[in-house]
Amino acid sequence: MEVASAFSYYGVSANLITYLTGPLGHSNAAAAAGGNWWGRATLMPLLGAFVADSWLGRYRSIILACILYVMGYAMITLSSVLSTHHPSLPDNTSSHPLSLQVAFFYASLYLIAIAQGADNPCALAFAADQFDPDHPRECAARSSLFNWWYFSLAIGITISVGVVSYIQENLGWGIGFGMLCALMLCAFVVFLLGTPTYRLYDATPGTDSPFVLLARSLAVLVQHDNATSSSLLGTKIEYQLEYKDTATKKEDARAVLRLLSIWVACLAYGVAFAQVMTLFNKQGRTLDRHIFGGLELPPAALQTLGPASILLFVPIYDRVLVPVLRRATGTLSGLTLLQRVGTGMVLTLASMLVAALVETRRLETAREHGLVDDPEATVPMCWAWLVPQYVLIGVAGVFAEVGMQEFFYDQMPSELRSLGMALYYSVIGMGNFISGTLVSLIDRITSNGGGDSWFADNLNRAHLDYFYWLLAGFSAAQLALYLHCASTYVYSH
């Protein structure tokens, strides 16, 4: 089901900026900022985790998500089909989209975002729940689950970005979106058929919500950390009883607080990853994308380079590197979870540095061939120049994303593991918000006085290279913060 979910979700998000700047007529800056939908979709799991861990449980949350997915993709299909056939639309619908069409399109996007909120914090946690933590072999296999889960998602993303984007731009947006709706409906049916085989863990009736317990634990922690000497006047027996009653609560609260410092230090990855769906896409649109036989790749198809690198690297990492690292470090997983995430942060920095250098080269090529004032011209520079930055961010995900998934699941109290998954997704979501905010602010500042914005619609006059240098600096600062937080972190178990 999650392969279908990734296929459908990226079938929309991978080509979203093209749809926004094409049929919906948005500017580059407005479309990049409008892509904040992707950020909101990856922040919604925080709310979804609260609902799942408090009331619905992971299984029922996934059921709800599937229903909302089908509704959302059906609405987005209807929006694109009606915009094509509406008799009152002008001939050039790309330049004059109806406000009602735009509103309906965004409503469908946010319904999908709500579905993401219910699905993302629960799906992987639900899969991990199928492994018995008290069974040594199953516990060891759970670590590989995170690698191969990411591998499976990469399969869905690769096929989706390569196939759906081509269908959307060449056969019609309605057909492309309709495929996604049909696929999610089929996946929903398959998931339901597997119900008798699942291990389901329901909350104990009459117990408080885990979030209520967490709030109480934080209150206990603050109360005891600020206690005065007068609290020591009780008897020794009373103190021992109180200590026994609160020790577990305090430790759970400290565990969550420790996780938040790591969460903050990982935000640079989310900011860098946001560029794959937006600015990397716009860069690719200006380059020569012809391959053998004269076939021209759609810009969104270049995004398959990241998932393709994941498909190649995950088996190498899981079957080759992990055994080698295990012998070298003595750690069962080869690298500790924080070492794995840190490696991803280093590769994230490298991807932004490479992106800045490639964009500098692209602008120089445009100037050399007199294309600065011709935004529709193809810059005589092969699309393969973008391969390194896509591959680096893809391999960075194998380390950073998979590491964060397992880290936040493993270190979160067992009752709050949906929240742990939500924290991972919120790194991506908050990164999108930070990216969108930076784009909006920089666009406003650099275009002030009539000058060319860093994100001008004519990319040959824009300065995406400056923005990539800025993100490289941000990534370096975040890496330093991460190293400090990781070096002082104490694992819960």
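Using the three backbone atoms N, Cα and C, a Cβ is placed for every residue, glycine included.
A TrEMBL annotation is a machine prediction, not a hand-curated record.
As given in TrEMBL:
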type	residues	note
TRANSMEM	63-83	transmembrane segment
TRANSMEM	103-127	transmembrane segment
TRANSMEM	148-167	transmembrane segment
TRANSMEM	173-193	transmembrane segment
TRANSMEM	259-280	transmembrane segment
TRANSMEM	337-358	transmembrane segment
TRANSMEM	378-402	transmembrane segment
TRANSMEM	423-446	transmembrane segment
TRANSMEM	466-491	transmembrane segment
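Contact count against the transmembrane segment (103-127) (Cβ pairs under 8 Å) is highest for 63-83, out of 63-83, 173-193, 378-402, 423-446. Put simply, of 259-280, 378-402, 423-446, the stretch with the most CB pairs closer than 8 A to the transmembrane segment (337-358) is 378-402. Simply put, out of 148-167, 173-193, 259-280, 423-446, 259-280 has the most Cβ pairs sitting under 8 Å from the transmembrane segment (378-402).
Taking every recorded stretch in 63-83, 173-193, 259-280, 423-446 and counting its Cβ pairs under 8 Å to the transmembrane segment (148-167), the highest total belongs to 173-193.
Proximity of the transmembrane segment (259-280) to the transmembrane segment (466-491) is established through 3 or more Cβ-Cβ distances under 8 Å for residue pairs spaced 6 or more apart. Within the chain carrying the transmembrane segment (63-83), a Cβ under 8 angstroms from the stretch's Cβ atoms is held by residues 1, 5, 8, 12, 23, 48, 56, 89, 93, 97-98, 101, 104-105, 107-109, 111-112, 114-119, 122, 172-174, 177-178, 180-181, 184-185, 187-188, 191-192, all 6 or more beyond its ends.
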